[in-house]
Amino acid sequence: MKKISILGVTGSIGTQTLEVLRFHKNEFQLLGITAHKNITLTLDIIKEFSPKVVAITHKESYYELKNILNKEEINCELIYGMDGMIKVATLPDVDIVVTSVVGMIGLKPTLEAIKNKKDIALANKETLVVAGELVMAEALKAGVSILPVDSEHSAIYQSLQGNFHNKIDKIILTASGGPFRGYTLNELKDVTVDKALKHPKWNMGRKISIDSSTLMNKGLEVIEARWLFDCPYENIEVVIHPQSIIHSMVQYTDGGVIAQLGVPDMKLPIQYALNYPKRLGNISEKLNFYELKELTFEKPDLNVFKCLDLAYKAGKIGKLMPAIINGANEICVELFLDKKIEYLHIPKIIEECMEVFDYNKEVTLDNVLEIDKQVREFIYNKYS
Ligand code: NDP
Ligand code: MG
């Protein structure tokens, strides 16, 4: 039985990972979980899966859950904060850690898990965006695998099977285009939170839903792909594919393109990462090719969806620039969701941060955490 920890168990990816575990009860055992504020769901998960260690990163929620566990005489180790997340990520018996917290808060526990020789099923793309160089070097040193959960990267990983020795010409990342596909810059001016949260194909957490609408999600994924597959930015192309059936593709130097297709369902890439290299049965609906009317493709408009352009630029500049845009984006999305800034302020503020901050430092954990803190303070002070 594979032993698993899940960081961010109460989220969209966390709960879909639990669905996979429920489906394959004899394959996996859940030993550790972390959550932030949702203690009602955490309690249900504790009762159902009996994890040994639980970490809660929000203080009041931690005390609230502690009281409930005492009252109900439920026996599990409950720990608070980053120390708790690290403990869950490094439990001695755990084989694989699913990183499904949202934001660069996942960086530290992921690095600790790697140092403790855990394989990583990586959903938390922000970790690779802010410190891909560092994370991949540590993974190589520790001899662990970083298995992508992000559907596009899982598709690329699947398309690389049997081809790791062959030269890639191009990685082609597909994007649904989000709720504002085809909009002009002028039409984006009046975008509301509700509209931005309505993704046409995927049901996801709030932060990634906003990122998908601005195409920053695709920008973060370009940087994620650069590090996961050691591929130069020049060879990573984004194609809008509104049907979300082809999850991404690899073009080899002979012109052959290998793609992975499937219904849009995150349980498939989660399950693939958890049991790689073996495929387990029947987690998703099957594609019906007779019902598929068309598969279409478009070029993204970088003048309208500026976040994608900024992410490419930041990636190419390198050093701390990806951490700067990531921190700026995390705060801008938070402020937009709180209705403190307008939709088009998101790329504007990110671009401002790219000009204001000094990116030219080595990618170390301390430098990444420090620049992230500075960017957050700068935006809070100026815009909230
Ligand atoms: P959600 O918002 O649904 O879930 C986030 C999880 O992180 C929850 O468990 C939440 O706890 C926890 N969390 C929130 N804030 C903090 C914090 N400050 N410290 C520690 N934990 C925290 O996000 P998603 O599941 O949608 O996304 C998770 C990650 O996976 C992201 O990096 C996203 O980009 C990536 N991803 C998601 C996809 C999807 O389909 N959803 C697809 C591909 C990648 P609580 O709920 O208890 O407050
Ligand atoms: Mg994705």
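Every residue gets a Cβ built from N, Cα and C, even glycine.
Just so you know, TrEMBL annotations never went through curation; they're auto-generated.
Remember, it's a predicted structure, so these values are computed and weren't measured experimentally.
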1-deoxy-D-xylulose 5-phosphate site partner of K125, S151, E152, H199, S212, N217, K218, E221 (as recorded in TrEMBL), chosen from S145, S159, S176: S176
Co-listed NADPH-binding residue [TrEMBL; alongside T10, G11, S12, I13, K37, N38, N124, E126] among G182, G205, G219, G255: G205
Cβ-Cβ distance under 8 Å to E221 (1-deoxy-D-xylulose 5-phosphate binding site), same chain, at least six residues away: K125, D150, E152, H153, L173
Other same-chain residues whose Cβ falls within 8 Å of the Cβ centroid of D150, E152, E221, the recorded Mn(2+) site, in sequence order: K125, P148, S151, H153, S154, L173, N217, K218, E224, A225, S248
Sparsest Cβ surroundings (other CB atoms within 10 Å) among the binding-site residues T10, S12, N124, N217: S12
Entries of T10, S12, K125, D150, E152, G205 (binding-site residues) sitting next to ligand 1, with Cβ under 6 Å as the cut-off: T10, S12, K125, D150, G205
Contacting binding-site residues for ligand 2, chosen from S12, D150, E152 when the Cβ sits under 6 angstroms of any of its atoms: D150, E152
Collapsed DSSP category at N124 (NADPH binding site): coil
